[in-house]
C-alpha cells in the first residue's frame, strides 16, 4: 500500500505545509473569487432562464410539458458534464478545465440567445448545463487544494453559497432588462447575459495558477513551487528550496492497492467505497427533496400577491421575478448562516441537523394543507418553507458540496467530486420528472410526506456512513487510514 502521511518525503511535506499553514491573504481571495464564478453563474443562469420561460413560451408556443423540459435543460445537461469534468480535471489539470467549462457555457448561451427554433434553444441550454456541470467538481477540488487548513471549511461552504448570491444577482439583472424593454424579445438578452458573464470569467481564469497538489502528483515540483510563490510571494524562497530537493519525484497517496492507485476503479474498492457512498447518497436525496418544497413557491408568491402585478406579459414576468427575488434572499440568508453553522458544528453534524430541519419544514407545510385555509394556512406554509430553506442552505446544501474534496486523494479528487455531483443532478432529474407525477396522482400531501421521509433517510445515512464526524485536517491525513472518523486533535478552524 502507498506509504501513509508519516512516510511522505520531507520535501513534499514541506511544500504541503506551506500551503496548509499559510495565512489567508489576498492571493487566496483572488483564487476563491475566480473559482466561485461558475457556481455563482449556475444560480444566475437558473434565475435568468426562469425569467425567460414565460417569454419563450409566448415566442415558440410551448406546451406546459415543453416549458418544464426547457426549464430542466440546465439540470439534465449537468449530469454528464459533472461526470466528465471531474475525470478531465484529474488528467489534464484543474486550470485547463476551469477555462474550457466557461467557454462551453458562453457558447451554449450564445446558441440559445440566437435560437430560431425550440430545438436549437434546447441544445444551447443543454450545453450551458453541461458546462456548468463540468465546473462543479473542479471548483470544489481547486479551492480545497489551495486553501489553508483552518480556512478551508468556511471557504468551501462560501463557494457553494455563491450559488444563492448568483440567483439574487440574476433576479436583479433580469428585472433591469425587463424594466428597460418593451418587447417580448428581451429573452435573448436574458440568455445572452449568461454567455457574456461566462466569457468574462473564462478570460479572468487565464490568470489562475494550477493546483500545486496536482503538479506535485505529476512530479512537476518546481512548477508547483512557482505557482505557490505567485500566490504567496513571501513563501517563494522556501517553496523553491523544497521543490529543488523533491526534483521530479511524484507525490502519490492512496488507500487503494498500488496497482489501482491512479485509476478511477479504486473508488469502488473497500477503502473508498464507503466514502463514495457518503459523498453521493445524501446529496442525491437532498436534490430529490428540494423539488418537493419547490412546489410551494408559486403558492407562496400568489398568497402574498406577488404574481399578478401588471396586465402585460412583461409586467407579469417582472412581478413574478420580484417575488422570486424575495425567496432567493431567504436562500442567501441560509447560505450566510452556513458560514458559521458548518465550521461550528462540523460538516457531518451540520448535514444531519440540516436534513432533520428539512423534514420538520415539510411537516409544517403538511399541517398547513390539512388545516384551515386562509391566513392560518399561509402562516404554516411560510414557516415550513422558511425552516426548510434555512436548514437546507445552512446544512446539506453546503456540506454535500464540501465533503467530497476532503475524502479522496489528489489523483481521484475531481473524479470523485464529479461522480458525487453527477449523482446529485440525477436526483434533481428524478425530482423534476417524478414529483409532479406524484402530486398529480396523489396530491401535494403525498409529495411532502415523501420528501420528509427522504430527508430523514438523508440524516440517518449521513450519521451511519460517516462514523460520527470528519476532522478538520490537511487533505493528505485523510489518506493515512481507511477510517473516516479519525479520532485525533483537529486543526483550529478560522473564526
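Each residue, glycine too, has its Cβ placed from N, Cα and C.
Here TrEMBL flags 31-470 as domain 'Major facilitator superfamily (MFS) profile'. On the 0 to 100 pLDDT scale, the model's mean across the domain 'Major facilitator superfamily (MFS) profile' (31-470) is 86.
Taken from TrEMBL, the feature transmembrane segment covers 40-62 (among others). Long-range Cβ contacts of the transmembrane segment (40-62) within its own chain (Cβ-Cβ under 8 Å, at least 6 residues beyond either end) map to 70-71, 73-74, 102, 105, 109, 117-118, 121, 125, 128, 132, 135-136, 162-171, 173-174, 178, 184-187, 190-191, 193-194, 197-198, 201, 313-314, 316-317, 320-321, 324, 328.
The transmembrane segment annotation in TrEMBL covers 68-89 (among others). Residues of the same chain lying 6 or more positions beyond the ends of the transmembrane segment (68-89) and with a Cβ under 8 Å from any Cβ of it are 45-46, 49-50, 53, 56, 62, 97, 101, 118, 121-122, 125-138, 141, 264, 414-419, 421-422, 425-426, 428-429, 432, 436.
Look at TrEMBL and you will find 96-115 (among others) tagged as transmembrane segment.
Among the features that TrEMBL reports, transmembrane segment is placed at 121-143 (among others).
According to TrEMBL, the feature transmembrane segment maps to 164-183 (among others).
The feature transmembrane segment is assigned by TrEMBL to 189-208 (among others).
Look at TrEMBL and you will find 283-305 (among others) tagged as transmembrane segment.
As annotated by TrEMBL, transmembrane segment applies to 325-345 (among others).
Proximity of distant same-chain residues to the transmembrane segment (352-369), defined by a Cβ-Cβ separation under 8 Å and at least 6 residues beyond the stretch ends, is recorded for 282, 285-286, 289, 292-293, 296, 345, 376-381, 383-392, 394-397, 399, 444-445, 448-449, 451-453, 455-456, 458-459, 462-463. Taken from TrEMBL, the feature transmembrane segment applies to 352-369 (among others).
With a threshold of 8 Å between CB atoms, the same-chain residues lying at least 6 positions outside the transmembrane segment (375-395) that come near it are 161, 164, 286, 290, 293, 296, 299-300, 303, 327, 330-331, 333-335, 337-338, 341-342, 350-358, 360-369. TrEMBL lists 375-395 (among others) with the feature transmembrane segment.
According to TrEMBL, the feature transmembrane segment maps to 416-438 (among others).
The annotation transmembrane segment is assigned in TrEMBL to 444-465 (among others). Below 8 angstroms of C-beta separation, residues 274, 277-278, 281-282, 285-286, 288-289, 292-293, 295-296, 348, 351-352, 355-356, 358-359, 362-363, 365-366, 369-370, 396, 435, 438, 484 of the same chain, each at least six residues beyond the ends of the transmembrane segment (444-465), sit close to that stretch.
The listed stretches are 96-115, 121-143, 325-345, 416-438; of these, 96-115 has the most Cβ pairs under 8 Å to the transmembrane segment (189-208).
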